[in-house]
């Protein structure tokens, strides 16, 4: 009789563990509700039509208007880029 009770309890624990694993794996990949992608400070970045270069005096030139130069690593050539939106500028934060 004692053997049957222990076997039953082991089986019950095993079923509970399997149920929890199955429940977790089903909910881990679910697409549930997400937070809205819209924020109070929305911003977009886009490339301008011009490129920029670094001169021998280490200053960047070639961008005009609201565009600024973006480059990778030590590269002396880059692309001009512009921010659009209501994101605060560095001057406003200081």
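Along the chain as shown, residues are numbered 1 onward.
Positions of Cβ are set from backbone N, Cα and C atoms, glycine also.
These come from Swiss-Prot:
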- 48-67: disulfide bond (DISULFID)
- 52-69: disulfide bond (DISULFID)
- 63-80: disulfide bond (DISULFID)
- 74: N-linked glycosylation site (CARBOHYD)
- 1-28: signal peptide (SIGNAL)
Original post:
Taking residue 48 (disulfide bond) as the reference, which of 63, 74, 80 (the recorded positions) have a CA within 10 A of its CA?
Top reply: 63, 80
Original post:
Rounded to an integer, what is the Cα-Cα distance in Å between residue 69 (disulfide bond) and residue 80 (disulfide bond)?
Top reply: 5
Original post:
Which ones are near residue 80 (disulfide bond): of the recorded positions 52, 67, 74, which have a Cα within 10 Å?
Top reply: 52, 67
Subject >> Chain-internal residues near residue 67 (disulfide bond), provided their CB is under 8 angstroms and they sit 6+ positions away >> reply: 48, 50, 80, 81, 82
Subject >> Inter-residue C-alpha distance, residue 63 (disulfide bond) and residue 52 (disulfide bond) (nearest angstrom) >> reply: 6
